[in-house]
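Working notes for the structure below.
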Amino acid sequence: MFNQLSDEQKMLKKLALLSGIKPCTASSMLFSFPYSQQKLIDASTQKLFDLFGKLRNTDRLKFLIEEAIDRGIDIDVQDKDGFTLLHKSINERDYNIAGFLLERKANPNIHDRDIVTPLNRIAGKPLSKTEEDFHMAKLLLQKGALTEPTDFSGWTPIQYAVFNEKIGIVELLIDYGANLDIIVPKGFYKGKNLIELVRAISSIFSDQSLNKQLQTLLKLATACQNNDFGLVDYSVKKENSDTEDDSVTKEDIEKFINHKISIKPSVKLLPKYLKELIRLKGFLETKEEFIKDNTIKRLEDNINSKSSLKYLLLSKIVESPSLYKFDVGMPEDLKESLEEHGLKLVGDID
């Protein structure tokens, strides 16, 4: 039985499935990955790469990297495996060094010879589900990591995050606008979208409640993205009911809304964010229980606030923020949002 396998065996079986190899066959032990073009580096730089995983003194490693940069080394140079210094730090889970490199403008979108980016790598590690992984993925996205790079299997980060039960990273990628209509291009799960993928691997999950949480998150997020609320098999949960099913409850929707309201989308993602909230509000207005409480009002308030923010961020204020001043009646949350986007209005123009 699959559930009786060790974590390492589960990981190997998952990798075999991703590569299109049927489990329990001789070929499942011999799958390999294609390589991309290699880039060679000089011997002194190779020594720096070799220190990863060996030198445990983080400050010393930072010093050596700084010294190499001062000598003129390209921070994005690649070794024979296509790894950059950022790749090496991610592979070794040395996230302190990874953050250090990103602050020095390391490119988060370079792929190695297996066409794997740092974000692909974090999402694709089957046995690594820590807070550190989540925060590293978040930092990569904040520093410009793309959400849609495909690796040797044609998988994107969100597909790997779903497959590996990393619900925090799935939610993070949704916040950053990841494509939720992505289809598995080949292999055992060929043709499946994200929701179908979660259902297909439900027997692999040791925690079935986590599988349901993933399904619920993807149903709601995809419904908002595509304005297709037929995906949301909503039901009012009856008190004292112990029945477990795949339906989306009022509590699920409220949790989803709370998260959506809490995030601070970039200027680029604001239009998409607003469109999705307006669609969700329209869906909830057909449900009496949401009309009775303040859920819809909370959505309306957030939509109005973010719409005002969008208007200001796309106006002439952005060109010369120092010339303008805050309107006396401007809500505090809007003032804070402007300042979070780097706009301090201290001038004389209303």
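Cβ atoms are placed via backbone N, Cα and C, with glycine included.
Annotated repeat 'ANK 1' per Swiss-Prot: 81-110, in sequence order.
The annotation repeat 'ANK 2' is assigned in Swiss-Prot to 114-151. Taken residue by residue, the repeat 'ANK 2' (114-151) breaks down under DSSP into 19 helix, 0 strand, 19 coil.
Under 8 Å from some Cβ of the repeat 'ANK 3' (153-182) lie the Cβ atoms of residues 14, 18-19, 117, 119-120, 122-126, 129, 133-134, 137-138, 141, 147, 193-194, 197-198, 201, 205, 207, 210-211, 213-214, 217-218, 221-222, 225-226, 259, 263, 265, 269, 272, all in the same chain and six or more residues away from its ends. Here Swiss-Prot flags 153-182 as repeat 'ANK 3'.
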